[in-house]
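Over in Swiss-Prot, the protein carries these features:
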BINDING   H5, E180, M181, E182, S204, D205  purine D-ribonucleoside binding site
BINDING   G21, R25, R44, R88, V89, G90, S91  phosphate binding site
ACT_SITE  D205  active site, proton donor
SITE      R218  site 'Important for catalytic activity'
Amino acid sequence: MATPHINAEMGDFADVVLMPGDPLRAKHIADTFLQDAVEVNNVRGMLGYTGTYKGRKISVMGHGMGIPSCSIYAKELITEFGVKKIIRVGSCGAVRTDVKLRDVVIGMGACTDSKVNRMRFKDHDFAAIADFDMVRNAVDAAQALGVKARVGNIFSADLFYTPDPQMFDVMEKYGVLGVEMEAAGIYGVAAEFGAKALAICTVSDHIRTHEQTTAAERQTTFSEMIEIALESVLLGDKA
């Protein structure tokens, strides 16, 4: 049954959904990687598709920018459409010099300055972590594809234009691999509603060196990240 934000029916989505922030990237993923993809959502332009990858039913849908937006879609997919696993496939900014532009980062955990998980967890700190099997499958998929993926903590920021750039120094000290805006929220939603989640990000810009990819590149490239996500789903089916 349709929700206020998703005009699909039960069964339209696969049990695994890849979620980029940009709905146009979702369309690109469906057009490029899925066979027989059909549109299953277009409310507010947040495009969603379901197709098959090597015979396996998989969906892809945008989640927008920031924890409030992605939390709405993740919650509805899990509770109303039976989704069991969400893989965020997005971009992040690097804060460490040993992390390079276009590196693939697998978010084992997600720090955040958002209060949403504290709201869920009775004002205590909640360790927002990815599902271990999904992390392991993503690492194995990356190795099989010959992609060197970094695994560790990422930081989900509430503000894109931060008033406190010194926080980047703290992140670097604590070994944070990249900054994005959604993973901690998706991990929190998954934990609350009994699903599993993982964030795989490609470094789109470097906060230290000021290197960056273009908007067009972010929309239509980063194929290694998508291939890792898709192949990890197949590995999960074999477990």
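The backbone N, Cα and C atoms fix where each Cβ goes, glycine too.
The two recorded residues, V89 (phosphate binding site) and E182 (purine D-ribonucleoside binding site), show a Cα separation of 10 Å. Most Cβ neighbours within 10 Å among the recorded positions H5, R88, R218: this distinction goes to R88.
Counting only same-chain residues at least 6 apart in sequence, those with a Cβ under 8 Å from the Cβ of M181 (purine D-ribonucleoside binding site) are G21, M65, G66, I67, S156, A157, D158, F160. E182 (purine D-ribonucleoside binding site) falls outside any helix or strand according to DSSP and counts as coil. Using a 10 Å Cα-Cα cut-off from S91 (phosphate binding site), the recorded positions that qualify among H5, E180, S204, D205, R218 are E180, S204, D205, R218. The binding-site residues listed here are E180, E182, D205; among them, E182 has the most other Cβ atoms within 10 Å of its own Cβ.
The shortest Cα-Cα distance between R25 (phosphate binding site) and any of the binding-site residues H5, S204, D205 is the one to S204. Counting in whole angstrom, E180 (purine D-ribonucleoside binding site) lies 23 from R44 (phosphate binding site) by their C-alpha atoms.
With respect to Cβ neighbours within 10 Å, the binding-site residues G21, G90 differ, and G21 shows the lowest count. Checking each of the recorded positions H5, E182, D205, R218 against R88 (phosphate binding site) by C-alpha distance, the shortest gap belongs to E182. In this structure, R25 (phosphate binding site) is part of a helix by DSSP. The binding-site residues close to R44 (phosphate binding site), defined as a CA atom within 10 A of its CA, are H5 out of H5, E182, S204, D205. S204 (purine D-ribonucleoside binding site) and R218 (site 'Important for catalytic activity') are 7 Å apart (CA-CA, integer value). Under DSSP, H5 (purine D-ribonucleoside binding site) is assigned to coil, being neither helix nor strand in the three-state scheme.
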